[in-house]
Amino acid sequence: MFNFFKKNKLNKFQNTINEIHQIGNTVKNYSDAELKKQTHKLKKKIIQNSNLTEILPESFAIVKEAIKRSTGMILFDVQLVGSIVLHQGQIAEMKTGEGKTIVAITTGYLNALTSKGVHIITVNDYLAKRDSELAQKICSYIDLKVGLITQSMTYEEKKRAYDCDITYITNSELGFDYLRDNMAIEFNQIVQRGFNFAIIDEVDSILIDEARTPLIISGPFEIEINKYKKSTSIANTLQKDLDYEIDEKTKNITLTEKGISRCENMLNIDNLYDIHDSWIQYLLNSLKAKDLFLKNQHYIVKNNEIIIVDEFTGRVMQGRRWSDGLHQAIESKENIPIQQENKTLASITYQNLFLLYEKLSGMTGTAKTEETELDKIYNLEVLEIPTNKICKRQDLPDLVYKTEYKKWQAIADECFDMYHIGRPTLIGTTNVEKSELLAKILMELQIPFNLLNAKPENVSREAEIITQAGRKNTITISTNMAGRGTDIILGGNPEALSKLALTYYLQNKLGLKVNYLLNNIETQITTIINNYVLDMQELDIYKYKNIDLKKIQYYIEKIIKNEHTKYSEEEKLQKLYLKILSEYKNICYQEKQEVLKLGGLYVIGTERHESRRIDNQLRGRAGRQGDIGASRFFLSLEDNLLRIFGGDKISQLMDNLNIDEHTPIESIILSKSLDSAQKKVESYFYDIRKQLFEYDEVINNQRQAIYAERKRILQSSFTRDCIIEYAESTIDEILTAFYREDNINNKNHIIKKIYQLLNLTENFHFNTLYDMNYKQIQEFLYEQLRISYDLRESYLEQLRPGLIRKLEKYYLLQQIDKAWQDHLDKMALLRESIGWRSYGQQDPLVEYKNEAFSLFINMVRYIRQTVTYLTMRSRLIINVNN
């Protein structure tokens, strides 16, 4: 029934695809110049009230032809279906190697015709650069501008890239640019335009895996270094389960009564929780650093710095830091310099960032297991796109061992067998530590392998490792890094192998240290290289300062792409590349045939992840584009997933099993428990993300209001109206307090406050106001406000023309930013403490909304009052000559 429903859903696109092919028969006869003109014609149609869906067949036919002319690739029908699904604002689930990059360009072209811009979002800089280069190649045929955003760009460069028709960017840089734009002091510092349409590559990774991690821009904040060092010292003496308890599920630590008493004695204080000199947060962070955040698993140490490792991708997150003092506690634990703590200046979650878009869509190979969440939070439907060729991968049953030791032994034995028959094998591990453990075992068995994990020396070899992972006799150990954005080609990737051989050749010729080697350079390739004698001094590479590996790689790319080389030696180098490429194509083809006979790529999983999606991503490395392949998970009853979430059934099973440790367990109960454990974890984290979204929605509405006000001020060239508006609101608030007050002295004090605020010099007793009603007093004070402000404006204009406008904008932006930063701190404290309300039979979310609203109103009042006071009362010392 379900398959019938799915098939019908896809069948509705058949008429559109037929129409695309029909129009394509005409488009293929266009000259390059005629093809280029079609974009302008389609844009005119949109201006004349055509909607995008009406011109979809025509636009897709044009892109299809541009792709064919620029790359030689022909779009399959399933890719066109994927593009239609993206245009409709849905998620296209497409398997590895099915051409997601091309699918995004096709949809991007159609939606870019509105001239409002399209963002194509990737998970890392490498993919953004790679995909943008392909898009530029294609879009040069259809007169469309493609931009790329990188972290190192200037304001002007970013603005130009955002103003392009299609812009490639990473999810983190998009978020940080949004936050920076909303902290800009000048309007010309804003780089982004409106959020029109986004296509997210690896959409599940960004919208689900990273949903719990907010993007934060922070500023330095003074810290007490001695407290961190002392807390680390104390944490090392405390005993687990005696002095403190750990909840591994929630990653929380609680001190026991005995632990609290011990800490207070060691610190010689009466109260760990003393509001004026609190130690509790320092101690809890030190305990988390000791037991929950482990080196080579959650972070690595490089150049005396703690660098976070992303638990989902296995990649290092350079420049990111844990908040609330946790990062400093880990620095103290590792005995490296403790850096300043940070105060949050601006933040946003990915959930709310992507909900800013008018239309959102995404692509991934694994989203079906999370379709409920994607639908409920983002209103995105997941549609499975069939593969162009039937997937022939064989997913073998899990092998479960009693102990972790026996599991690793079995994996090593399997690798030994695969190596000796020549079958390429990829082993996926959950962290750096486990990948290095397996590496040591294989070294003892004298099995050659490639290791890919977050450590810098291995990351630098990523291209080389992935290039060869599908070759015969290749064993590759990898963390989750190999699970995203990479295609493992059986027999090897001839283009990448040729570039590596050429890089190695140039490094040798330039006398540079070769920090990596191909597993082996074939004899025929070495012969080709040795037959080419280059005069190195004639090469343009000598123009580069401090030649290194990156510059050599960039230089080779430039020569390969450039059809008209400058020098004869560079022409030789180009010919050498083509000769190597031709040879590697033969080698890789022969190897592919041999690997296919052996059963294709074999993927081994060493532990079930918290999410079935991550497991499916690893499996998806095998069986690319209809190739054969296989996957199998080797597990143990001591694995984290089973230990933390498995429940009592697993424990009982462990006690009752009396079989040999060497024998893998196959049990229906165990398989069900395994699936149940994974579903429990997924459900648990979904609830956390759902709750986070509900709470974050409150602050998001406040953020939108503050940022809208800030933008209004930035865009305004006449901020006087804004100051007057703020001052009038402040007068209204004070007048309301005046009428509520019964005490005469208090009333008199309130009137004095108004006079001070408005910088009025005349003493005015409130008795004279008795005969006036609220409206009359209000109008009188409004009039006094304008008179007072006119005088101040006139005075400052005489000192320096335009000074008052600059002052107004400065005070407005400064006070909004300062108040918002303080408000974020208060909201964080409220969020941490609001859970206790449930003990008083109150709904924490309802209470949070009420209190957050009160805090927001108080913040708005504070902004109005301080801006009014600063503008009306501040004394300026001005150097008129400067």
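A Cβ is built for glycine as well, from the same backbone N, Cα and C atoms used for every other residue.
Swiss-Prot lists G97, E98, G99, K100, T101, D487 as ATP-binding residues, and of the candidates Q79, Q468, Q507 the one it assigns to that same site is Q79. Most other Cβ atoms within 10 A: among the binding-site residues Q79, T101, that distinction falls to Q79. In this structure, Q79 (ATP binding site) is part of a helix by DSSP. Summary: among the binding-site residues (E98, D487), the fewest other C-beta atoms within 10 A of the C-beta are counted at D487. Take the CB of G97 (ATP binding site) and look out to 10 A: across all protein chains shown you find 20 other CB atoms. Neighbouring residues of the recorded ATP site, listed in sequence order and excluding Q79, G97, E98, G99, K100, T101, D487, comprise M94, T96, I102, V103 (Cβ within 8 Å of the Cβ centroid). Of all Cβ atoms in the protein chains displayed, 25 besides its own lie within 10 Å of the Cβ of K100 (ATP binding site).
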